[in-house]
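Worksheet: the structure to be examined is printed underneath.
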2 protein chains.
Amino acid sequence: MTDVTVAIAQIDTCVGDIAGNIDKIVDFAGEAARQGADLVVFPEMTITGYPIEDLALRGSFQRAAEHGLSVVAKRLVEEGHEHLTVILGTLGSLALSDHVQMPRPTNRAVVLSGGSVTAAYDKHHLPNYGVFDEYRIFASGDTTTVITVGGHRIGLAICEDIWQDGGPVKNLEDENIDLLVTLNGSPYEEGKRQQRIDLAAQRAAALGAPLVYANQVGGQDDLVFDGGSFVVGPSGAVLARAPKFEEHLLLWTLTDSPHEDHTGDVTEFTDLDEEVYTALVTGLQGYVRKNGFTSVVLGLSGGIDSALVAAIAADALGGENVYGVSMPSNYSSQHSQDDAADLAQRIGAHYRVQHIAPMVDAFQSQLNLEGVAEENLQARVRGMTLMALSNSEGHLVLATGNKTELAVGYSTIYGDAVGGYAPIKDVDKSRVWQLSRWRNTVAVDRGDIPPIPESSITKPPSAELRPGQVDQDSLPPYDLLDQVLDAHIEHEEGREELLARGFAPEIVDKVVSLVDRAEWKRRQYPLGPKVTALAFGRDRRVPVTSRWREPNH
Amino acid sequence: MTDVTVAIAQIDTCVGDIAGNIDKIVDFAGEAARQGADLVVFPEMTITGYPIEDLALRGSFQRAAEHGLSVVAKRLVEEGHEHLTVILGTLGSLALSDHVQMPRPTNRAVVLSGGSVTAAYDKHHLPNYGVFDEYRIFASGDTTTVITVGGHRIGLAICEDIWQDGGPVKNLEDENIDLLVTLNGSPYEEGKRQQRIDLAAQRAAALGAPLVYANQVGGQDDLVFDGGSFVVGPSGAVLARAPKFEEHLLLWTLTDSPHEDHTGDVTEFTDLDEEVYTALVTGLQGYVRKNGFTSVVLGLSGGIDSALVAAIAADALGGENVYGVSMPSNYSSQHSQDDAADLAQRIGAHYRVQHIAPMVDAFQSQLNLEGVAEENLQARVRGMTLMALSNSEGHLVLATGNKTELAVGYSTIYGDAVGGYAPIKDVDKSRVWQLSRWRNTVAVDRGDIPPIPESSITKPPSAELRPGQVDQDSLPPYDLLDQVLDAHIEHEEGREELLARGFAPEIVDKVVSLVDRAEWKRRQYPLGPKVTALAFGRDRRVPVTSRWREPNH
């Protein structure tokens with residue numbers, strides 16, 4: 001047996017952009033070869049991008065993926081890499097399995113060598129919970145695949161295969177393998193970085209062989225893939241690890257007598273605030289770029305939410321691609337407008353002021369709205385203004401709502417909910433403050449100007465839809481509210497469990513009923529109602545950022 | 001063996017409204033008993049409503065369903081029906097099966113008799129395609145259940161179980177049963193009515209026993225259940241059939257020597273236009289009522305789309321609960337406004353005129369929009385006006401877009417796409433005309449005033465967003481366009497297949513690129529972007545019309 005240098009190509013694919021993905025695969029394979037790699041491992045579904053949802057079911061897309069694989073094989077040879085073994089992911093051919101009522105493609109790992117496909121493995125365990133619905137679109141594989149490279153026996157698995165007991169990874173325990181290679185499309189979750197390594201170490205121990213974990217990176221639709229690819233040995237030692245949230249080529253060598261020394265670079269983890277903030281930047285960047293936009297527009301209220309979103313956008317796209325609009329009403333305070341202008345200057349964003357009174361007055365002279373209808377009117381005039389600027393100048397609109405206010409329904413449909421991307425939709429108010437402070441501290445540490453005005457962080461939050469209104473008039477304190485919401489929404493705790501935790505009954509009842517009502521209101525006004533009275537023509541589930549277009553002239 | 005009178009209780013349940021569903025179950029069971037029934041069969045998931053999507057995963061909901069079953073059992077006895085056998089659907093207890101990565105409830109049929117559960121059957125085949133995602137939420141059953149009533153052996157199955165080969169229905173072939181009872185939540189699809197009967201007849205023939213098909217009825221979220229419950233004999237004869245689109249109690253008697261005579265009422269099928277129109281009325285009615293609204297508001301342009309929607313709404317809710325708003329711009333013709341007023345009068349709807357010029361001018365004085373941005377502005381001022389009326393007067397907003405214009409992107413996000421329900425979203429333009437003519441003809445036949453003004457049907461369609469604009473300036477003729485769209489969208493045909501059908505290349509390319517762009521634009525601006533950068537707090541999939549609320553004080 002000879003030493004085998006393994007390169008993990010941690011790349012950012014784009015769903016449906018088969019040509020672009022192929023270029024990236026060939027580039028990274030070439031660079032790996034130049035650096036002496038014998039084997040290159042790509043993430044899950046490399047040629048097609050991931051997750052492809054119902055695109056998997058389109059005949060034209062299946063054919064394009066099949067053709068794409070032959071293009072990759074040909075180009076690798078043309079560029080002189082016929083001796084390189086390349087493992088990548090793509091759609092497999094149609095098959096039936098226990099889980100599918102009609103033929104479905106498989107989620108496949110393909111081994112390319114010398115210009116042809118020398119082996120293939122079809123994902124066995126298909127995740128079908130949370131953000132995953134893979135039973136809908138894939139047939140399951142039922143075989144175990146072992147390839148030989150430089151005399152080493154290498155087993156293959158795809159993502160969920162290592163998260164579930166049994167199946168191919170269990171079968172490989174009897175195959176005396178020297179290495180397990182896994183292709184992954186594992187989205188970022190708080191706390192998951194260590195969980196992945198612990199799990200991989202457990203599988204490596206059972207197999208008595210190191211495990212290569214190649215993960216996708218980049219924002220794709222509603223998911224952020226964090227990369228952080230690694231190699232873990234059977235004793236649990238991390239032998240190599242790539243940075244998170246960036247493309248990377250990680251090299252590590254499989255030797256005849258594997259030892260537990262670090263044989264590759266091991267990137268250290270960052271602190272949690274940095275990790276979460278970078279996830280938000282990565283998600284925004286991917287969504288904007290993969291949708292073909294270069295700039296964003298958002299309302300700057302002077303408050304903390306829009307300030308954090310603007311800072312994230314400036315970090316993702318550069319301040320020159322961020323267009324901030326202050327849209328004061330008669331209820332907006334001067335200090336809010338000052339804070340908005342200050343923020344824009346700090347991050348180098350474009351800035352303009354558009355008073356909403358002329359439009360609000362025009363509606364009011366016709367409709368005489370009061371109460372919530374009047375508050376919503378203000379929010380909707382702002383939403384329309386942003387959409388008008390989007391239509392005329394080509395920016396993507398960002399919605400600035402945070403998770404707490406969306407959860408309790410402090411948001412206006414077709415108003416501040418307007419937008420193609422909501423960067424902090426999944427960040428609660430407590431964390432909005434925390435991340436804002438963290439981002440400012442980092443700037444100070446670097447000798448930069450802190451992006452977020454101090455007064456946006458310290459002043460009491462207000463929607464400024466009525467004179468003197470502040471959020472705490474009608475909501476529990478945010479630190480308490482966020483604790484109850486976390487237990488109720490993330491941990492699915494009902495009233496009984498919440499009371500058992502010691503939350504006061506009046507707080508629990510208030511929060512639970514706000515969330516119920518907000519969930520219902522949000523579902524009630526879907527954009528493009530999903531009604532299919534005739535049960536045909538149902539909306540396909542296709543990632544927003546898919547670049548797939550039907551073949552055309 | 002004694003004769004067994006079977007009652008099929010074809011009811012309209014509401015997702016999450018456990019108390020309401022229980023009342024209905026007890027009412028129908030009581031009525032069945034009064035009419036001499038020995039056995040009452042309800043549709044799938046009767047206690048919880050169907051489909052419940054991710055509600056199935058909530059502990060508090062599971063507990064409420066379990067409690068609900070005991071309430072039904074108790075009330076049936078209290079009301080003197082202890083001798084009645086009742087078969088209904090609900091959530092089963094948590095289980096593991098091949099399809100699920102963690103414990104899930106089953107989709108269960110429960111047999112109640114004498115105040116207790118005497119048997120249960122868990123759905124084996126879980127549909128996981130199209131509108132169904134049952135692998136996500138249910139564990140599969142793996143047993144066959146046969147009960148005995150009046151000496152007859154009766155097998156149980158649930159919906160998809162008869163659509164797939166193998167499994168429990170196949171197993172029952174060896175069980176010498178006298179009857180197969182199936183509980184269904186089978187949504188309406190064009191052409192499915194005969195398909196269901198043919199399939200049921202095939203299963204009945206294989207079993208050598210009649211098959212009882214109890215189906216749900218009513219609009220639920222984005223689905224319309226058409227009822228049409230029936231009994232089919234082993235020779236394929238329809239022995240009884242309930243009407244479609246209405247609640248009904250259908251009686252039929254299982255005798256010792258089953259014969260193929262019609263032993264119950266057999267409702268004839270209606271013509272297809274009536275069926276589709278009634279499906280649209282049923283869907284709208286269910287959505288409005290189950291969401292707690294009593295009235296709707298919509299823009300009346302004088303065109304055919306809004307006219308048909310208004311007619312459907314008036315048939316569903318009564319004209320007095322329909323609020324039409326004419327919102328003319330400077331480009332709106334007088335005849336359009338006349339047609340809108342005429343329509344409202346014909347259907348007995350409320351009617352008002354709200355000129356949009358004051359609001360459009362206010363925006364334009366500030367923003368100076370041109371081209372598409374200006375066209376969108378008009379549509380958005382209308383959308384905001386309708387939402388303002390919704391907020392201040394409490395009506396649900398209806399969107400009036402048809403399937404053809406949505407498919408090709410002739411729709412403004414946050415403009416005419418505004419609405420909680422879009423009754424004709426799944427009806428192409430050709431069919432909009434056809435249904436409008438059909439509805440008018442029915443009115444004439446009945447001696448009523450035809451609801452839709454003749455000139456709305458005959459004039460060339462126009463969005464009236466520019467002077468003299470008509471749809472056909474920029475689109476192929478609608479009859480041709482709808483044919484291409486049907487092949488491309490419904491039958492997933494790509495460019496090659498469309499050309500092979502003989503469509504001209506320039507038409508195919510135009511339609512395919514319009515659809516691609518429209519799909520992308522629609523996905524790009526989701527309401528409440530579904531971004532979950534931290535991959536926690538993802539939106540649950542819960543039916544819009546769910547009445548489930550977390551237990552509270």
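Each Cβ is built from the backbone N, Cα and C atoms, and glycine gets one as well.
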Which of B:T385, B:T400, B:T404, B:T412 does TrEMBL put in the same ATP site as B:G299, B:L300, B:S301, B:G302, B:G303, B:I304, B:D305, B:S306? B:T400
Do you see any of the binding-site residues B:G299, B:S301, B:T400, B:K521 whose C-alpha is within 10 Å of B:E44 (active site, proton acceptor), and which ones? none
Give the sequence-ordered list of residues that share a chain with B:S301 (ATP binding site), lie 6 or more positions from it, and have CB atoms under 8 Å from its CB. B:S326, B:M327, B:S332, B:S336, B:A340, B:T400, B:E464
Quick note, B:C159 (active site, nucleophile) and B:N376 (deamido-NAD(+) binding site): C-alpha atoms separated, nearest Å, by 45
Same-chain residues at least 6 apart in sequence whose Cβ lies under 8 Å from B:G303 (ATP binding site): B:S336, B:D339, B:S456, B:P461, B:S462
CA pair B:K123 (active site, for glutaminase activity) / B:G299 (ATP binding site), Å rounded to integer, equals 45
What subset of the recorded positions B:C159, B:N376, B:T400 has a Cβ sitting under 8 Å from a Cβ of chain A? B:N376
Maximal Cα-Cα distance (Å) across residues annotated as binding ATP, namely B:G299, B:L300, B:S301, B:G302, B:G303, B:I304, B:D305, B:S306, B:T400: 12
Rounding to whole Å, the Cα atoms of B:N376 (deamido-NAD(+) binding site) and B:D305 (ATP binding site) are apart by 19
Taking only the CA atoms, the spacing between B:E405 (deamido-NAD(+) binding site) and B:G299 (ATP binding site), expressed in whole angstrom, is 16
Under DSSP, the region 'Disordered' (B:449-468) has how many residues in helix, strand and coil? 5 helix, 0 strand, 15 coil
Do any residues at least six apart in sequence from B:G299 (ATP binding site), in the same chain, have a Cβ closer than 8 Å to its Cβ, and if so which, in order? B:S306, B:G324, B:V325, B:S326, B:M327, B:R382, B:L386, B:T400, B:D416
